[in-house]
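As recorded in Swiss-Prot, the features of this protein are as follows:
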{"type": "BINDING", "residues": "Gly95, Ser96, Val97, Ala98, Val99, Gly100, Lys101, Ser102", "note": "ATP binding site"}
Amino acid sequence: MTSKNSIQKALYLAFERLQWSELRDSVPLTLSEQDLENLRGINEKISLSEVTDIYLPLSRLLNLIVKAKQQRGLVVDEFLGQKPSRSPYIISIAGSVAVGKSTTARILQALLRHWPEHPKVDLVTTDGFLYPLADLKRKGLLQRKGFPESYDMKMLVEFISAVKSGQPHVKAPIYSHVTYDRVKNQHQTVSQPDILILEGLNVLQTGLDSPVDTRRPFVSDFVDFSIYVDAEEPLLKQWYKERFLQFRSGAFSDKKSYFHHYSTLTDDEANTIAANIWDTINGPNLQLNIQPTRERAHLILQKGQDHLMSHVLMRK
């Protein structure tokens, strides 16, 4: 059986942290410590040095790739004798629960906005495309939330298709982590951005992963560049438990929170419940649906202790 390391060696160029940081090539740091504080997720300790070493080289790479795509688009438009199209460059960010996808997405959005070639960068999370809570309960999917079948994939594909085709105003549903549900009558409007960052658990899936219909379009069909944020599962489980403890005294303390009943748990009780949620929901979803898509990504960001990036793998 082919090992993970041999597959990655065949498909990717591997960079140690120091090697990758040297590819920054004098790109200026445009974020302050306060900016970074506003971008951090729960239980993340990301520093400006992490931005400098990892994210600035990545923003430079993406800028070069987007510019090349824009130039190619102009050539095609000239060949066809048509006006320049407004199709955005779409970047997807995938990975496990608690790995830090959202923080990675927010930092990249902030950095990419500072490049003059693509100042308009929108960010959409796939959480909003989860079926409403009532539908999940009716379908018996509440304990499968986050699994592929818990998403309204038809709505998500229609959204990403409309954005990709250059429609002027496309609405995406908004998700509340307080109510654990879609927010009724509220939407995020995406209006012809230069770049759209799409962040979610299952954005790398293809027809190979669907036992139902391998012929229907998938989100990955519309993505130009994909990133997978990776870490070993014991670290992910620990980060999830730590985040759960922070939510207990934070978001869960809100009386409107779906998980308000967790706010009075002791540390031991909270750790036990978080571990059980991981073992029965998040862990199996990672093993069955998320991790198997990792080697489809154009770039893998490998995290170690304290959420620090240790390696970067880039498709050959």
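In case you wondered, yes, glycine gets a Cβ from its N, Cα and C as well.
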Which one, from the binding-site residues Val97, Ala98, Val99, has the smallest tally of other C-beta atoms lying within 10 Å of its C-beta?
Val97
Determine, for the ATP site, the additional residues of the same chain whose CB lies within 8 Å of the mean position of the CB atoms of Gly95, Ser96, Val97, Ala98, Val99, Gly100, Lys101, Ser102; present them in sequence order.
Val229, Leu236
Tell me, by DSSP, whether Lys101 (ATP binding site) is helix, strand or coil?
helix
DSSP-derived class (H/G/I helix, E/B strand, else coil) of Ser96 (ATP binding site):
coil
Distant-in-sequence Cβ neighbours of Ser102 (ATP binding site), under 8 Å, six or more positions away:
Gly41, Thr125, Glu199
Fewest other C-beta atoms within 10 angstroms, as judged across Gly95, Gly100, which are the binding-site residues:
Gly100
As a test of the contact definition, list every same-chain residue at least 6 positions from Ser96 (ATP binding site) whose Cβ is closer than 8 Å to its Cβ.
Leu201, Val229, Ala231, Glu233, Leu236, Asn282, Leu286, Ile290, Gln291
To see if you understand the setup: which same-chain residues, six or more apart in sequence, place their Cβ under 8 Å from that of Lys101 (ATP binding site)?
Ile93, Ala94, Gly95, Glu199, Gly200, Val229
